[in-house]
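Data first, discussion second: the structure below is written as structure tokens.
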């Protein structure tokens, strides 16, 4: 600002204000034009300091002069302004701009010796030789040279796009910045725009269309002579197939130049215009002024939309003259029509100031009221005759402002002076000081007649004073919270801009200087470098100070105020510095009781009086889809609670937090009340559990509480509490209905009163998230305005810390309180903490330290599970600052499934641990605050019993401490636990301080690296240092990584029978020793551990042990130092004694074990594992060639697990992880289909998903018919049930759908180029093209080579599932599917049958067993886990009709024999085994066979009549019955049968 004020000083500034803007015009230059010119210079990379001298102006003119002929209006205005400033520096007297422009150009011509010529419009503009402007193509030595675009130009383009977001300003901005550019430069500009890819795509499409049109209009000519430059194609103009040199040659060749740069610019402009229309869809015909919208705001919207309209200037001019007036509101339209034909925009803005706004309405209302009922201020006014109404604008009588047709006069309606409107007229305000009539003539402008004849500027009462006061009061009442903006007096043109800037800065919160009114706004000002304390007074018209001397150049004035008149000296054009701004204004000096800056200086400073109106927008909340609100009944309440709830609800209703629910609201949630902590007041609670279930989900924005150790050290701390935090934030109006609740009445004396919440309710799941989000939005401006202040907010607690002085800190706190209070939040004084100690988050804060609030451990005689949980919680809370706290044995007291009220039995270890914790808590500990400049360190110590403690500190000051006692594994060691502790501390430090501390670990580096080399995958470990703090973490035994030469090798195995719990553990050695131990009540894992212990116990100091149990291998490899398992502890003791132990794992080697087969092999002395000798060659093979797993298993015959272990052990082949891929349907009938293109041909590709088999061929066109024919051909060759494609028009055509329907194919569609939808065929397209490229030279046509490539891919590509080719795999899958279906059909015939059988000479029937297979001579039966083969002659097959039931239900019945006969019940084993010795077999009765329908649970009584009158039942019933005729049947059966069928089952021996 200082540079701009120093451009013109003294007489030069006065001379500037005499120069007219146009010849014969009224307007003259002002200082604001210099400010504008200084701002514009920055766009051209020119310093504004050049305006301060004649030589600097000459440099500016040399740069701008070549650009003027093709420049924008802004550039021409800047050139004209610099010409005027140059003339003033050169002391050339000029009257207007044109005269100054001629003088400056004449000087430039004389200086350069020749005038610049206009460039030819048919080719791109370029600067003349020797001149270097902002042109990418310049002429040097007769040749055109390309100069890359400057970073300033590119930065200006990117900034333009980012700020305007493809608004209407982007197109002219691009025109200006791309002037003279080549296509290469334009592409460089487009590539700089990174985030607006949608708009860039639109531009690319326009470029492609225009390039195609260019190619069609400019066909390629015949062959060109050697050396002749070709004509540009569309892609050449776009810069994709041409070089920069070619582009320059086309642009500047002597004959037939082609301005490729300008052509490409036009294409880009078309694309930008399309983007502008897309991003600004409002049509200019829709831009209409609102009924209360200021005219200036309407004009801004109109011209913004006008810029986006891509029409010629004539149409835009018509729109400006016609639409601007036509779409104005009625009030402004009436004023604009009175201005006559074609008024200027400045005249329209001036005439419509204040029209239609609340201020004008209030003024008209006040005038009407005054004329209708207001008494005259003159005592004798009633005796005088009232004159007719005279309108001041035209001077005619008989009408008011609304009916006047004359053009409005410019200037103030009150005093007639230009430069301000009546709303800001100094004579209209009741100022504190007024200028007296000394030496001043009365204004000659027309005014309302003064009955008293007194001068209107005198201090006595004037006729309009009452009217003005009432109008001002009405305006104040109407405008309410609208801010009063004090405007300049320099022509009136800065006022609209000031108003607009004020409105635009409204969302910046506290970024601008503000003065709250809790005290008088007094600032220090420097008047001509003399410091003065002044009061900022918006009620005073003028400024007056005392005690300074400003010289003799003054005018005497008399001003009147509350205390009377005082004599003053008025000084004009005085330099004043206040609030880091410099202005020049008029000031008076005199004997005033207080120094005052009035509106004349406040306006120059750009200050305004604002009343912020706070409003928190509610966040929209909905229920989950398909859910409805709660409809629960209110449960009964006591009279005391009902009265308490009634009082609470009435208070909340008065405060606007509740409102009465309408009778149409169907929802309800139960409410109740509980006593607060003080037991005197009640708290209302709503049971929102049901509403929470159906409310949409929320995310907690603040995931944890802030820790005091993370606070930076500050001198001042204050803590605010937001009272009724939730109740200060509105609930969305559409959601309020679901919060309805009812207050019942005692004995139902009256209907219950129903309420709904208008604010966030307590207990509702959305309240915390919405409150956290809202508070963040509220406090964000404050944080930005006060970056040196730490503001920590957690729910309703706010901590403010700073290094400011006490007074400045209190100001910030008060400012925050006012901000919160203005938004409707309360900050209760009783909860405001100003002095330490501060109670915050369970801690006590001091300026230099923090500590926990006093902890009190509970004292109880009987402890329950809940009491222990609370005790452990208190101790864990204390562990953040009290080092040494342990809870391991306390937690063991409540291990297992226990109820909260169950009594706990204390152990001696737990009691000792509690007493130790009490001693630790008795010594008060303190923590310190974080200092960012110091290093953060963490020291870890190991306590007893695998418990760890750590402290995080800076130098010797401890920030916080902690403990760790979590053991994730039963068998572990100290190094693994140490890694877990470090990981916990690292995460904690990242959360609290955002950085990783430097660790001091109690472990030797050699010990750590020995373990870490093999177990680096365990976790992440940051930088650390060794610290000698006993007890050190050590590894207790020496595991080596390579086999020990010469040491005995033990091969171990163990097994166990799950039913009998008996097992065996045994080993063999390479030296012929073996040992087997029988175990009882064991498990497989215990047997494996036992044999490992046996091998250690029976071996020498060095040993190689081979195991087949990953369980054992995992325990031993972890090098545990302690375990809860007895055998593992014995293993640890044995391994400590060894010098070296090598342990290796091989999968499930046979020959050793505890089962029957392995025990037999051990007894025979077969000790070899057959594939062990091939492991070493396989490892060598992999080390040489890094073979894959499949190759190792195929070549060396080793198991897949061994091969995978070899590959995973290789550092080069080790994979840290794999990407997570999507899954596709791989059923046997699923195919995927897609199109691909190669050498201009269309190839249709179909892939069998499960096998990778491919079908492809070249088709003439990409249409639905061709696709349908190919699909029909494919379906005739292979079974296809499902076809998956993209959703292209050819695949969704009717032809393809018809073929799919006819063949019976299910279609599904995905998204094009989405790898998770049709990724198989997309990948196959790529492989097909690669295969074609390998064999392309073997055929001429693309049709042939495609079929050849398909053959290679189907029959020569082995691998994958089954190690087959895709063709073999597909045929195998189809064959397998057929076999499976056949076997399933066969097996389904046996699943409902059971088999009873005999074995050997045993005559007892056994079973039943499950029938697996029935052959010609035998059947296969499954009994339990055994599978038996039984001859047909010793087996009885019966049908199973269901499981065994009670006797009165359906028992198991016999099924039909194979030859159609029914099996006799006496042959059923369960019956036959109960037959008495020597009993005869049953025989059918003579009178016929009786059948019993036991499956249905009843015995039929109806029989079919026959000629013999026999009791034969229905034929259908016989299929479900069993023949009952035997000598001995259960008594229950006998009773039933004897009663219903007396002739059934009679036997001579019965």
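Quick reminder: no glycine exception, Cβ is built from N, Cα and C everywhere.
Note that the structure is predicted; figures quoted are calculated from it, not measured.
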Candidate sharing the Mg(2+) 1 site with 796, 797 (per Swiss-Prot), from 697, 721, 861, 867: 721
1089-1130, 1131-1172, 1173-1214 - the range that Swiss-Prot marks as zinc finger: 1173-1214
Of 16-22, 37-43, 44-50, the range Swiss-Prot labels motif 'Nuclear export signal': 16-22
Range annotated as region 'Interaction with human PPIA/CYPA and NUP153' - as stated in Swiss-Prot, picked from 191-228, 229-266: 191-228
Distance [Cα-Cα, Å, rounded] between residue 1210 (Zn(2+) binding site) and residue 1108 (Mg(2+) 2 binding site): 21
Within the DNA-binding region (1393-1440), residues counted as helix, strand or coil by DSSP: 3 helix, 31 strand, 14 coil
Per-region confidence, the zinc finger (389-406) (mean pLDDT, whole number): 63
Neighbour count (Cβ, 10 Å) for residue 1210 (Zn(2+) binding site): 12
Integer Å distance between the CA atoms belonging to residue 1182 (Zn(2+) binding site) and residue 1053 (Mg(2+) 2 binding site): 28
Cα separation, residue 1182 (Zn(2+) binding site) to residue 1108 (Mg(2+) 2 binding site) (Å, whole number): 23
For the binding-site residues 1053, 1108, the one whose C-beta sees the most other C-beta atoms within 10 angstroms: 1053
Spatial separation of residue 1088 (Mg(2+) 2 binding site) from residue 1182 (Zn(2+) binding site) - C-alpha basis, Å: 31
Where residue 1088 (Mg(2+) 2 binding site) sits in the secondary structure, as DSSP reduces it to three classes: helix
Long-range Cβ environment of residue 1088 (Mg(2+) 2 binding site), under 8 Å and at least 6 residues apart: 1052, 1053, 1054, 1065, 1107, 1109, 1111, 1112
